[in-house]
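Chemist: First, the structure itself, so that you have it in front of you.
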Amino acid sequence: MRSTPLHPVARLPEEWSASLAARGERSFTAKQVFQWIHRRGVLDPAAMTNLPARLREHLAAEGLGEVLTPERVHRSEDGTRKLLLRLRDGATIETVLLPSVSGPGSQAQLDADAAAALDDDEDDDAAAEAGAAPRVRVTQCISTQVGCAMGCGFCASGVAGLKRHLGAEEIAGQVLLGRAMLEEGEELRNVVYMGMGEPLHNYEATARSLRLLTHPEGINLSTRRVTVSTSGLVPEIARLGADFGGQIALAISLHAADDETRSALMPINRKHPLDELLAALRAYPLPRRRRITIEYTLVAGQNDDPAEARRLAKLLRGLPVKINLIPMNPIEASSLGPPAQERVAAFQEVLTQAGYSCFVRRRRGDDVSAACGQLVLLGAKPKVRRALG
């Protein structure tokens with residue numbers, strides 16, 4: 001049971017209907033309030049001009065207002081923007097906007113192979129044929145916790161451990177704010193739960209935020225364009241599949257093909273070893289023609305040997321997957337580092353020859369520490385991780 005009432009930004013239309021009906025408001029006002037917040041991105045009750053004054057006063061009294069405040073925006077040379085956001089209790093998180101131009105002669109690069117199915121770009125092709133300017137599609141990477149409890153050896157987010165979970169209003173609020181900060185010609189196309197924190201460790205808030213972001217009366221993101229990445233919390237993977245019918249795109253932070261290596265890199269593997277994780281993936285109710293994304297961070301001298309690639313190919317045999325190779329991005333809190341390019345290419349070649357769709361993720365925003373594994377709790381004191389034995 002919840003110990004505190006739902007924040008207004010976290011309420012779904014049916015919850016607004018119940019609370020406003022109890023106040024004697026007309027039935028249609030619930031839809032209006034939800035649309036003001038989640039379709040228009042307006043959080044100031046005074047600006048909700050089609051609502052009665054008494055209702056605007058009530059919303060203000062309930063605490064409707066900004067849930068996070070942008071403190072700094074770091075812009076990378078490649079156009080990536082990392083936003084440092086201040087929460088109401090003073091804690092900070094980070095979210096990242098990754099623009100990608102699509103059109104003739106350009107590379108549609110969506111970080112993290114963003115939303116599983118990118119086969120519906122006929123509108124872009126038609127615009128190009130008509131002579132329209134290429135659109136700038138944006139993927140937003142959002143956080144679900146202040147810090148992280150998973151302790152992965154190649155990731156900066158957990159260097160100071162978990163401080164607290166984010167509320168659904170703070171998770172969805174990142175997208176509301178990110179959408180408001182889009183630049184001319186940009187459109188938000190994909191949201192990836194790959195920022196600070198383990199989304200499924202904060203399951204209730206993550207699931208509620210998914211419902212908010214995909215609700216037809218709000219932003220109305222297609223579930224195909226929303227990806228949840230997990231380090232492998234097996235019961236919650238099953239729960240996500242059951243609650244959303246497998247419609248939410250799933251990404252698995254795997255990073256090793258044997259339990260010994262994976263447990264050294266990712267402590268969660270000691271609780272949910274590979275056989276449990278693979279069983280959960282086989283049971284995930286994946287729609288036809290959809291695949292699970294396997295994220296594999298290549299760490300020099302740890303998991304980047306071609307023999308490891310062959311083990312990975314064998315491990316994943318029979319699963320509907322695509323593989324995203326991520327050369328480790330340097331972080332201050334770790335002595336681990338990325339492999340040489342030749343090593344990455346050799347690893348990819350093994351997987352490609354084994355019949356897998358395998359891509360190497362292009363670095364985005366690493367010059368402003370916005371790349372994969374670099375989002376970090378502000379003020380965290382690093383505990384240096386040594387190379388694994």
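Heads up, residue numbers simply count up from 1 along the chain you see.
Here the Cβ of each residue, glycine as well, is placed from N, Cα and C on the backbone.
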Chemist: If I go by Swiss-Prot, which of SER100, SER229, SER357 binds S-adenosyl-L-methionine at the same site as GLY197, GLU198, SER253, LEU254, HIS255, ASN329?
Modeler: SER229
Chemist: Taking Cα atoms as reference points, rank the recorded positions CYS141, CYS152, SER229, HIS255, ASN329 by distance from GLU94 (active site, proton acceptor) and give the first.
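Modeler: So, of the listed recorded positions, the one sitting closest to GLU94 (active site, proton acceptor) is CYS141.
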Chemist: Rounded to the nearest angstrom, how far is the Cα of CYS148 ([4Fe-4S] cluster binding site) from the Cα of GLU198 (S-adenosyl-L-methionine binding site)?
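Modeler: Spelling it out, the Cα of GLU198 (S-adenosyl-L-methionine binding site) and the Cα of CYS148 ([4Fe-4S] cluster binding site) are 6 Å apart.
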Chemist: Using SER229 (S-adenosyl-L-methionine binding site) as the reference point, find which of the recorded positions CYS141, CYS148, CYS155 has the shortest Cα-to-Cα distance to it.
Modeler: CYS141
Chemist: Find, among the recorded positions listed as CYS141, CYS148, CYS152, CYS155, LEU254, the one whose Cβ has the highest number of other Cβ atoms within 10 Å in the structure shown.
Modeler: CYS141
Chemist: Averaged over the whole of the domain 'Radical SAM core' (134-367), what is the pLDDT?
Modeler: 93
Chemist: Using the alpha carbons only, what distance in Å do you get between CYS155 ([4Fe-4S] cluster binding site) and SER253 (S-adenosyl-L-methionine binding site) once rounded?
Modeler: 11
Chemist: Please list, in sequence order, the residues in the chain of SER253 (S-adenosyl-L-methionine binding site) that are at least six apart in sequence and whose C-beta is under 8 Å away from its C-beta.
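Modeler: Once residues fewer than 6 apart are set aside, SER253 (S-adenosyl-L-methionine binding site) is near CYS152, SER229, THR230, SER231, GLY232, MET266, GLU295, THR297.
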